[in-house]
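As recorded in Swiss-Prot:
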| type | residues | note |
| --- | --- | --- |
| DOMAIN | 45-434 | domain 'Helicase ATP-binding' |
| BINDING | G58, V59, T60, G61, S62, G63, K64, T65 | ATP binding site |
| MOTIF | 111-134 | motif 'Beta-hairpin' |
| DOMAIN | 450-616 | domain 'Helicase C-terminal' |
| DOMAIN | 647-682 | domain 'UVR' |
Amino acid sequence: MTDLSQVPSPYDESKFVTFDGSPFQLYQPYPPAGDQPEAIRQLVEGIGDGLSYQTLLGVTGSGKTYTMANVIAQAGRPAIVFAPNKTLAAQLYSEFREFFPRNAVEYFVSYYDYYQPEAYVPQRDLFIEKDSSVNEHIEQMRLSATKSLLERRDVVIVATVSAIYGIGNPTEYHQMILTLRTGDKISQRDVIARLIAMQYTRNETDFQRGTFRVRGDTVDIFPAEHAEMAVRLELFDDEVDSLQLFDPLTGRVRQKILRFTVYPSSHYVTPRETVLRAIGTIKAELRERLDFFYQENKLVEAQRLEQRTRFDLEMLQELGFCKGIENYSRHLSGAQPGEPPPTLVDYLPSDALMFLDESHVLIGQLNGMYNGDRARKETLSAYGFRLPSALDNRPLKFAEFEGKMRQVVFVSATPADYEKQRAGDEVVEQVVRPTGLVDPIIHVRPATTQVDDLLSEIHERVKAGERVLVTTLTKRMAEQLTEFLSENGVKVRYLHSDIDTVERVEIIRDLRLGTFDVLVGINLLREGLDIPEVSLVAILDADKEGFLRAERSLIQTIGRAARNVNGTAILYGDRITESMKKAIGETERRRAKQIAHNEAHGITPRGVVKRIKDIIDGVYNVDDARAELKAAQDAAKYEDMSEKQVGKEIKRLEKQMLDHAKNLEFEKAAAVRDQLAKLKSQVFGASGEDHIVPAA
């Protein structure tokens, strides 16, 4: 038997740091540098002083995630970090896992691979049935997140706006848990009854997440929130004799434990008495709504509503759940009309910290979720597809989210008006990079001669072995410029939205390798192009006010040259607009601060060195080359797959793994499991390991 505590650690023990009164163990591969120590000190001080809002203004490449990790560790309180999309959330999750390998770092994003909400189009009399595909891997990680919040204090949750959508009531969810301790008096029948109430399924042949099996006085439970760990409960004379964690694939016992808590298999599990109470209130609302339709002479709507609702009531009565049960969430939670639904935010303790990463994007997202959802549901209610109470199954309004905010730190290189209003003067700057790199020098030149001037600048950079990014306003302009530069002997490529992910990676690789020297694009700041070899960013028609030439967009685009020692940005325009003035002023201010810091500490800026070998298919060893090429081909294949195809591929691998296990081919099963983990990690950005809480 392997005791998990005896497994050797891949980390250097001397680099773990702890703080008084904090449950976190922070792994510091390097000490904070540049502006990081001061930013950490100010943020921790502000949190200690009870400040509701602070802003961390961190430039590209300044190590904002590392600063957040240090602040969380020193404050010693649970934290939630919001990200604007799944990709960034996965990146943050991966980084926080590196900094907190011994604490619970969790991932809470939408668990739908595909989601088509139910909707009605009155103009065409078209009803669209709800259709969705739930990703089991992400569902397991969501359950793991709420479990960690209920069990421990050393928790960091990385979430997207999915966290403001309704999930089960925390109080009722907590009431349903089953805690097992060695020596507890409980019969086998009681254990089975409790598991079935928590929506676990008995399955003697196909043992998977959310199921249990019974063999005499031994009950094996595969907890819904675990990916690779099940628990074996051995009873003797109606008493818990022993508890063991084991690998459900190989059956090998991993660890003996004294206590284990089994959580419900879904966030929407509800006690039987609550369901019966809800049935009564749903019937009352149905009668009221039918009376309204009859008075309005809307007989079709009345018949439709009665048929659909009575079918759902029958299912609730017999099974305890029905399709679309979330539309009755107000009745199940006992909330009043218009009350906000329970969300992940309600699972957070009152002293939790909130970090809003890329807050200038995130605030807009949080603001927009409620209105779109409501418009769709009002139509469903008006035409008799749903009861009016379905409108309360919704995301939080922004004002409601604000009311639930804990102490907040906005994190952005370009904070917007909302952050400025809320945080006011409480802005902590992280402008100085640990590498000593400074923001680019900015030149403003006339737009009338922009193409000729750009051509001469490109020739200078090419001679020095450096690369150039050029951003234009329109697709047509980008195509014409690419053609002109090519005719004048410049090795140039054009990056646009029609290029798929794999080709885009190849283009960036070729730019870094020097296969070509100039990359032309329209909205390069969105592409996330952090290429150290780029020493010049040219912004054509910078004086045309608009989304692509707004202050924040200009600052982000200029920042593309911030990873090179010779970084320069040229803004072509016949006048200096207000946005240009602000962007230049802010960049100059940051640059002056960075240079002063370097001079005071004798730091020589050093460029960011990213190994290009990461991209070149193994040149040293033929076998390695073949393996890397196959991995790259698999990765490219997965990138090109639709979400439905990815779901099918995961199911295929899972079936293959279980077939090997049934045939006692455990090495093959483990190999397929590793392949499955790689696929999940690539597609969802997280592999989902189990967090085991040591028995007290």
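Including glycine, each Cβ sits where the backbone N, Cα and C put it.
Those residues of the chain, other than G58, V59, T60, G61, S62, G63, K64, T65, with a C-beta within 8 angstroms of the mean position of the ATP site C-beta atoms are T67, A413, Q430, R433. A simple way to gauge crowding: the CB of V59 (ATP binding site) has 23 other CB atoms within 10 angstroms, across all the protein chains here.
Around G58 (ATP binding site), a 10 Å sphere centred on its CB holds 24 further CB atoms from the protein chains shown. According to DSSP, G61 (ATP binding site) sits in a coil region rather than a helix or strand.
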